Amino acid sequence: MSGTASLVHTLPASGDSNHRGLHSLKNSRRAADNEPLLRFREAKKVLGDVYGELKDNVAELEGVYKDIKENDFVSSEQREEIEAIGDSIKTIMDTFQRDNMKVVFFGRTSNGKSTTINAMLHEKVLPQGMGHTTCCFLQVEGSEGEVGHLQLDDNPQKIDMKMLGKIGHALSDENSDLPAMGQDSLLKVFHPKKSESGECRLLQNDVVILDSPGVDLSPEFDSWIDKHCLDADVFVLVSNAESTLTQAEKNFFLRVAKKLSKPNVFILNNRWDASAAETENIEDVKKQHLTRFRQFLVDELEVCSEREVNDRIFFVSSREVLESRLKARGLVQKAYQAEGHGTRALEFQNFERHFEHCISRSAIHTKFEAHNRRAHEMIGKMRLNLNSVLTSAAEQRSKLQNNLNESTRTFNECRVNFTQFEKAYREQTEQLRAEVHLKVSADFFEEIARLDAIIDRFEQPFDGSSSGMTKYKEDLAIFVDKCLSSDLEARCTGGLMSRIWNLENDMFQYVTKILAEPYQNKLEEVWRYRAPFKFSICVDVPALVNDFHEDLEFRFTFGLHAIIRRIIAYRSGQPVTAINTNLLTPLSLKQQSEKNSVRDAEASAASEEQAMMTQMVLTSAAFLANGSLGVLVVGGIVYKAVGWRVIAVGGAAYAGLYAWERMRWNSGAKEQHLKEQFRSHLAARMQQVSTAHTHHCETQAIREMDQVFDGLKATVGGVHREMKNDLDVQKTQIDAVDSTIRTLGTIKGKAVFLLRNLEQFASSYLRSDSPPTP
């Protein structure tokens, strides 16, 4: 071994308490820097003492919480949190003592993994040599007993060490009656930390060494990694200097790199003693190996940098080192040594030195950094829990001691004032309903009067075809609907918004005044996120003009057909545009029935019956009016009554009016006539739905006020319940609070002291330069 690593077998003495052990760190650190393996045991001892004190503090706090009555200022969640912390500490302490430094050796079959392990242990612990092949995982760890033994992973029964060569040897003919060992099974080898041949420094310092089958025996590496490698601190790849790095070896470590974050990997190029026979190309071969190893560690695995990689690759002969160490101890007479063995021995010692520093630093960080962080978290949770309980206790005591009478008076006044507020609210809502009714009704009829101006703003090319006319009416209805809805919303919202807002604000201000100051924030939270009120108005013009039938054929104002349509519209109580324009044609009944096919059967039948009666009357009148006999009869009667001059003048005036209207009938007149018919029809329909519209707006305003009132009432109800509960608690718990506050303050001081110990532990063991790199 390296001369720079002096053997230290015992831990420095420490006191019973954790802080006394921490004070001794300054004296022991200088020795620990020279013996990195010792730092792991020191850190384990110090952190274990911290956890012991933390366990006592949590147990004391649990006892205090149990003495406090249920539903007091310690909630059930806070009790459960402390109990969970206590359970976590027990679990961590159970596993804490089993934490150790673990190194796993991998490589192809017969590359010298077992020989390398024996060389590091200074003793032939594992079977090795020609013809021996490890068939399973062999885990070597220290035993406090004087005699070593074997133990299967799933069986606690001890097995004699003499059976190791048979059980772990894949090629042995004498293990037919022994337990079958699969390649991923584990055989534990418990070797005495102090044996007759001396003390094993690695095993003395809690280093666990894992030997593996050859990676070329099975491509199923995932089960190997999951079972045996996830807790490893260092991986050592034992390669053969007489061959290059194989894909099987690469694949294994690529799998490891995927499952572990940046594993620590060393590469031992074993059997470098073979280079003694080939001195000519030895440097070229070494450079070739170095290049491939660097590329694998830096570029492919990405586990170290270019600067670090030189301390991860070593060219050694494990056989030479083992036999040399056995000879030094007098266990063999002659040691195998080839030319250059001294350089290779120094290289092996250099590997051991870097390995010990690496595994110590890695194990402390991987095993203890998480424990240290977890202890910080648990102490932090305990302190937050304590602070919360102490704050609640102090507030409770202050309220119970000084504000009991004041709280009772405030509670009673709040209840009386809210009852008065509820009565006033009912009166205000009825007044608001009347105001909304007047305002909305007036605005609605004003919009009806403005229909001419709204319709005149509609500009779209007029198409007299059937499809064009349908599209024109649909677009006109949509345009008018948007204008009416937006105008009515603006009128109603603008006129009534200030009134509604002022009323809501008055409600909020009144309720704020009747609540005590500590509870006013609850009301502000409800009020802050409330959206402003706005009327939602939908006139739905397309639905109102659904029965609109335009009449764009030229019809003389004083013609018989026009007069009859006006009479029918008056008698039926409908706009004249709701009367079909083709009443005088027999085909109109069929067309009307097809248009209204979506209506129910009864309405369709009634419409057909009415249309048939109208058809009969109008057809009879038309035949009578158009027949020559009718003309002669009527003409004779009029002639006898008024004379021919009056008839001539009347006929001329009638003909003149007819000619004047006929001359003015063009596309523009048709469009204007259509808009006028549309306006007249829509105005009549809007007057019919004005009452429903007004009621709808009233409902919206009252609903808005009810929502505000319900929110205020729910908030005040919650405040009343809290005030009542506070009064009940204040009457019974003053003395208990005083005693609890004193006890909790003592526990809190202990928690602060433990935090300082953890910070000192992190500074001594977990900082980036601890232990220093060799």
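Cβ coordinates are placed from backbone N, Cα and C, and glycine is handled just like the others.
Summary of the site annotation: Swiss-Prot records GTP binding at SER110, ASN111, GLY112, LYS113, SER114, THR115, ASN270, ARG271, TRP272, ASP273. Screening the candidates SER75, SER76, SER305, SER317 against this entry identifies SER317 as the one listed for that site.
Taking Swiss-Prot as the reference, the stretch among 385-415, 571-601, 664-694 described by the feature coiled coil is residues 385-415.
Using DSSP to sort the residues of the region 'G1 motif' (107-114) gives these counts of helix, strand and coil: 2 helix, 0 strand, 6 coil. Sparsest Cβ environment among the binding-site residues SER110, SER114, ASN270, SER317 (other Cβ atoms counted within 10 Å): SER110. Using a 10 Å Cβ-Cβ cutoff, GLY112 (GTP binding site) registers 25 neighbours. Around the Cβ of TRP272 (GTP binding site), 28 further Cβ atoms fall within 10 Å across all displayed protein chains. Sequence-remote contacts of a segment are chain residues at least 6 beyond its ends whose Cβ falls under 8 Å from one of its Cβ atoms, and for the coiled coil (385-415) they are 61, 73-74, 78, 81-82, 514-516, 716, 719-720, 723-724, 726-727, 729-731, 733-734, 737-738, 740-741, 744-745, 747-748, 751. Cβ atoms under 8 Å from those of the coiled coil (51-71) belong to residues 17-18, 78-79, 82-83, 85-86, 89-90, 92-93, 96, 371, 375, 378-379, 382, 386, 733, 736, 740, 743-744, 747, 750-751, 754, 757 of the same chain, restricted to positions at least 6 beyond its ends. Residues 126-128, 132-134, 138, 211-217, 237-240, 246, 248-249, 270-271, 318-319 of the same chain lie 6 or more positions beyond the ends of the region 'G1 motif' (107-114) yet place their CB under 8 Å from a CB of it.
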